[in-house]
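Colleague: What TrEMBL lists as transmembrane segment is 20-38, 58-78, 90-107, 113-136, 243-262, 274-295, 301-320, 329-347. Here TrEMBL flags 182-254 as domain 'DUF1736'. Annotation comment: TrEMBL describes 370-403, 404-437, 438-471, 472-505, 574-607 as repeat 'TPR'.
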Amino acid sequence: MAELDANLDHIIPSSVLAPFWAKLVVGFVSLVCFARSYDGDFVFDDSEAIINNKVAGVVGRADLLGALFFLLSFLGYCKAFRERNKEGTHSTFWVLLSVLLGAVAMLCKEQGITVLGLNAVFDILVIGKLNVLEVVQKVLHKDKSLENLGALRNGGLLFRMTLLASGGAGVLYMRWKIMGTGPPAFTEVDNPASFADSMLVRAINYNYYYSLNAWLLLCPWWLCFDWSMGCIPLIKSAGDWRVIALAALWFCLIGLICQALCSEDSHKRRILTLGLGFLIIPFLPASNLFFRVGFVVAERALYLPSAGYCALLTFGLGALSKHAKKKKLIAAVVLGILFINVLRCMIRSGEWRNEEQLFRSALSVCPLNAKVHYNVGKNLADKGNQTAAIRYYREAVRLNPKYVHAMNNLGNILKERNELQEAEELLSLAVQIQPDFAAAWMNLGIVQNSLKRFEAAEQSYRTAIKHRRKYPDCYYNLGRLYADLNRHVDALNAWRNATVLKPEHSLAWNNMIILLDNTGNLAQAEAVGREALELIPNDHSLMFSLANVLGKSQKYKESEALFLKAIKAHPNAASYHGNLAVLYHRWGHLDLAKKHYEISLQLDPTASGTKENYGLLRRKLEQKQKKDV
């Protein structure tokens, strides 16, 4: 047993530096790599995972947390053998703790459960020193001794494997109880190879994806936030030059596996086995071997396998330096590799600072990816550059003629530019492709309303609500349609539904107040306005609308207070000053009325109503002065 403990330090060697200095160096290099993005924006899916997520933002740290508990589980399993050597028996406590940590890793990220498989491989091939070639030879020669297996059994291997298997089964059962057995629904654009009819085409493309992942580990220069939607065209024939990548990958892998399992050097076998275990086993859930995954390449899936890659690279460079005469050259190569990768991390970290840099960086990597063009267009549209956004949305639709989200966003921009005919065509096509696309149905209704096709618009709104029951914005737009048709009761009911579903829906509240005001229902308008302000007390537009109602009800003092409060919140709103001036005009405070008319006209000199009222006030003041004289 002492031999096992001694060799464990050679398999997982301690740092050459003192622990403090080793941590300091790693921390410093990490800081240099990622410091550029520490104060960056929330980008891409951060908006859903963190900003709009009400459970916790920690979901954005799933990969980091999964890797943390994965490594803790593995180190806990290693600790079981160190404890065994001190006490004479293996430590069941550390094995059970390792299983528990593996379960926590899976709760953070599903690939975390693979640590149990890594622990089993580590136990059998590394700790147990099982020589696979020797076992195979004995089996082929029908040698009944098989002494190694007996030794392993005596060492408690079967007991530990039972604990790992039971723990893994329990964790999977827990996952099944929480999330069910049905896999998530993915589409062809997410993972085209998995939808190929031919099993051979699927196998070839899966292996090509593996080679791309391997290349990203070796040379992480071409990085993209999303690899779906035509980013990697399918290999459909053996004549495709990319099959060379498959051959290269398996040539290297088979060579490493043969050395790991069959080398006469037991130390070499064990290090290579550990490195390959870390490289391959955590990657298995992303391999499409057991179930379809929702991506082609996901750089996050390489986070844990990169530990195995680093171990293999370190072993290879160490072996090379032993046989090379120019050791300084090897050291220079190592430092060069480290420097290049740190530089790449710094560049990539800068690209993640904001969405514009992130999305544009993907254009050169995946020019055929419709989602890349869509996100660039969306970012431009959010900044108000509609002309450029249209160009990228059109390219996204060209690359993927069934990209309904790009059609929807493009249709919205065309609607705002009053290009209603094309907008209607795009949105109609979007709902034809995806009949349950509620947002597209609502936007189609808005376009049809603008085209005075009221019956079609109402039907579109109703269809949107059918597919998304809780859709306050759609109820709001339906209310606007009813208001245009003078169906006032229906309009009020629709807006009331919007506020029930979304109590902070300011536009719906405002429209209710204004409609009730315009139809002479001042008491009801006042009640709705007060209700709205209780829910949204700092909304200046609601203060303004309620102030108008109170002014008409001759509640001048309360109306004045609300007008002043609205102006304090939004001092450059010409209508706020103009309507306050009208209130003072009615109230008889003519000097204050004159002051606010003038402010309103400074802010908006084209306001004809304010000009007319100001003219009336001036004539009234002139008449008053003549009387005084």
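Indices start at 1 and increase along the chain as displayed.
Placement of Cβ uses the backbone N, Cα and C atoms for every residue, glycine included.
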Colleague: Is it the case that the transmembrane segment (113-136) and the transmembrane segment (58-78) touch, counting contact as three or more CB pairs under 8 Å in which the residues of each pair are 6 or more positions apart?
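Modeller: Touching, yes - the transmembrane segment (113-136) and the transmembrane segment (58-78) meet the threshold of 3 or more Cβ pairs under 8 Å.
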Colleague: Would you confirm whether the transmembrane segment (58-78) and the transmembrane segment (301-320) meet the contact rule of 3 or more C-beta pairs below 8 angstroms, pairs 6 or more apart in sequence?
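Modeller: Contact between the transmembrane segment (58-78) and the transmembrane segment (301-320): present.
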Colleague: For the transmembrane segment (20-38), what are the same-chain contacts with Cβ under 8 Å, counting residues 6+ beyond its ends?
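Modeller: Same-chain residues near the transmembrane segment (20-38) but 6 or more away: 342, 345-346, 349-350, 352-353.
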Colleague: As a test: from 90-107, 274-295, 301-320, pick the stretch that has the greatest number of Cβ pairs under 8 Å with the transmembrane segment (329-347).
Modeller: 301-320
Colleague: Who are the long-range neighbours of the repeat 'TPR' (370-403) in its own chain, taking Cβ under 8 Å and residues 6 or more past its ends?
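Modeller: 44, 189, 224-226, 228-231, 355-356, 359-360, 362-363, 409-410, 413-414, 416-417, 433.
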Colleague: The repeat 'TPR' (404-437): which same-chain residues, six or more beyond its ends, come within Cβ distance under 8 Å?
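Modeller: Distal contacts: 370, 373-374, 377-378, 381, 386, 389-390, 393-394, 396-397, 443-444, 446-448, 450-451, 463, 467.
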Colleague: Across the repeat 'TPR' (404-437), what is the average pLDDT of the model, as a whole number?
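Modeller: Averaged over the repeat 'TPR' (404-437), per-residue pLDDT gives 96.
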Colleague: When the domain 'DUF1736' (182-254) is classified with DSSP, how many of its residues are helical, how many are strand and how many are coil?
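Modeller: Going by DSSP assignments, the domain 'DUF1736' (182-254) contains 36 helix, 0 strand, 37 coil.
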